[in-house]
């Protein structure tokens, strides 16, 4: 559930981008995601915050720390409100790619040392998004393979 937003993009666009980030993971493993109305009942809680926001991991303003998430059972995913969020390349920080990365953490994935992985700690601008084989293997190890129904 998304609790707070950035005015730079608008609620509707942010919801679409975050939903697509969840669907990207859903397409690779045995998980299913759906947004619920009540924040208290949500397993994953998404918010945009500035600087020190009470979780022991303050943001630094524009640049460097773009977001962070806590491993499973906690469910908090935070994005730095000071970033120039958008969809795509410079001058924007790509919310979709950062969201996919942070959702990966909230699902239990750690950073990798592979620059082609979405779980690589630095944001790399690609011409298009796709998961690296390592990302897929790691998420499927935790949650099983995607099962297709007919």
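Every residue gets a Cβ built from N, Cα and C, even glycine.
The Zn(2+) 1 site recorded in TrEMBL includes 53, 55, 78, and the single candidate from 68, 101 that the record places there is 68. Every protein chain considered, the tally of other Cβ atoms within 10 Å of the Cβ of residue 111 (Zn(2+) 2 binding site) stands at 13. When the binding-site residues 43, 60, 68, 80, 83 are compared by Cα distance to residue 119 (Zn(2+) 2 binding site), the shortest distance belongs to 68. A distance of 19 Å separates the Cα atom of residue 80 (Ca(2+) 3 binding site) from that of residue 111 (Zn(2+) 2 binding site).
Apart from 53, 55, 68, 78, the residues listed for Zn(2+) 1, the same chain places the Cβ atoms of 47, 49, 54, 57, 58, 59, 76 within 8 Å of the centroid of those Cβ atoms. The local packing around residue 43 (Ca(2+) 2 binding site), expressed as other Cβ atoms within 10 Å of its Cβ over all shown chains, amounts to 12.
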